[in-house]
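Trainee: As listed in Swiss-Prot for this protein:
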BINDING   His56, His58, His114, Asp133  Zn(2+) 1 binding site
BINDING   Asp60, His61, Asp133, His171  Zn(2+) 2 binding site
Amino acid sequence: MPLELVTVPCLSDNYAFLVHDAGTGETSVVDVPEAGPVLKALEERGWHLSQILLTHHHSDHVAGVEELRAATGARVAGAAADAHRLPPLDLELAEGDLVRVGASEGRVIEVPGHTVGHIAFHFPDSSLAFTGDSLMAMGCGRLFEGTAEAMWQSLRKLSALPPETMICSGHEYAASNARFAATLEPDSPMLIFRVGSIAAARKEGRPTVPSHLSDEIATNPFLRAGEASLKAAVGMVDAEDAEVFAEIRRRKDKF
């Protein structure tokens, strides 16, 4: 049975994600920008939290961990490489490790770039991937610690997941990301359609997260740095893929 997903808005533009196994009653949360909205979502559904999964150490993803742990007794799991700057971990994780939510098994994927210790969680039976600030709707995270090459390789890992995977990223950034993408390829029919869809969703107050990986592969410029059409659009026809990615990231940082 697939996990039930609840997207919980936090702060001004963050998301936490509750995942619930109806068969066992077990519930986990991925990232905790603040505890209040997560506790409210749990109470509304009568769910008990047993596990907190963390993608990376930034405060807008972990600030609510201690309050939530104190209120629920949930254990906390995060990257072993970042244990020294995450809230105290009950379980340290690395590439290929498995986490469980009830009967569902998720795999840890190391995705350095935004931070050097960033990880993602892929639950194949539910077609869910929790990517934090690595792969995002129409974008990717800024390179605060890692290199462009590292982030490009991380994005390639994520783009190799099944295309039906739902990408649960950590922020509501799609509208800005889409406007930027349109500056690179203003005449792309697929991009025009997606920009319009995102704008309509936000006008109606609907989240753009999660997004389909197939849509990201088709329209997210940060996943398409190896495509000839995008290389031509940025004037880097003969450049290496990671160099094109770095240029797109540089332009987005100034957008």
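Cβ coordinates come from backbone N, Cα and C, glycine included.
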Trainee: Would you kindly give the Cα-Cα distance separating Asp133 (Zn(2+) 1 binding site) and Asp60 (Zn(2+) 2 binding site), rounded to the nearest Å?
Mentor: 11
Trainee: Pop the Cα-Cα gap between His61 (Zn(2+) 2 binding site) and His114 (Zn(2+) 1 binding site) into the table, whole Å please.
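Mentor: Taking the Cα atoms only, His114 (Zn(2+) 1 binding site) lies 13 Å from His61 (Zn(2+) 2 binding site).
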Trainee: Counting other Cβ atoms within 10 Å of each residue's Cβ, which of the binding-site residues Asp60, Asp133 comes out lowest?
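Mentor: Ranked by other Cβ atoms within 10 Å, the binding-site residues Asp60, Asp133 bottom out at Asp60.
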Trainee: His56, His58, His171: which of these binding-site residues has the highest Cβ count within 10 Å of its own Cβ?
Mentor: His56
Trainee: Around His61 (Zn(2+) 2 binding site), how many other C-beta atoms are within 10 angstroms of its C-beta?
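Mentor: If we count other Cβ atoms within 10 Å of His61 (Zn(2+) 2 binding site), we arrive at 28.
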Trainee: Report, in whole Å, the straight Cα-to-Cα distance of His171 (Zn(2+) 2 binding site) from His58 (Zn(2+) 1 binding site).
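Mentor: Computed Cα spacing between His58 (Zn(2+) 1 binding site) and His171 (Zn(2+) 2 binding site) is 13 Å.
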Trainee: Roughly how many angstrom lie between the C-alpha atoms of His171 (Zn(2+) 2 binding site) and His56 (Zn(2+) 1 binding site)?
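Mentor: Computed Cα spacing between His171 (Zn(2+) 2 binding site) and His56 (Zn(2+) 1 binding site) is 13 Å.
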Trainee: Identify all same-chain residues not among His56, His58, His114, Asp133 whose C-beta atom falls within 8 angstroms of the centroid of the Zn(2+) 1 site's C-beta atoms; report them in sequence order.
Mentor: Thr55, His57, His61, Thr115, His118, Gly132, Ser134, Gly141, Phe144, Gly170
Trainee: 10 Å Cβ neighbour count around His114 (Zn(2+) 1 binding site)?
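Mentor: So the Cβ neighbour count for His114 (Zn(2+) 1 binding site) comes to 27.
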Trainee: Could you name the residues, excluding Asp60, His61, Asp133, His171, of the same chain that surround the Zn(2+) 2 site, i.e. Cβ within 8 Å of the Cβ centre of those residues, in sequence order?
Mentor: Asn14, Asp31, Pro33, His56, His58, Gly132, Gly141, Gly170
Trainee: I'm trying to understand the geometry here, so how far is the Cα atom of Asp133 (Zn(2+) 1 binding site) from the Cα atom of His61 (Zn(2+) 2 binding site), in Å to the nearest whole number?
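Mentor: With distance taken Cα to Cα, His61 (Zn(2+) 2 binding site) is 9 Å from Asp133 (Zn(2+) 1 binding site).
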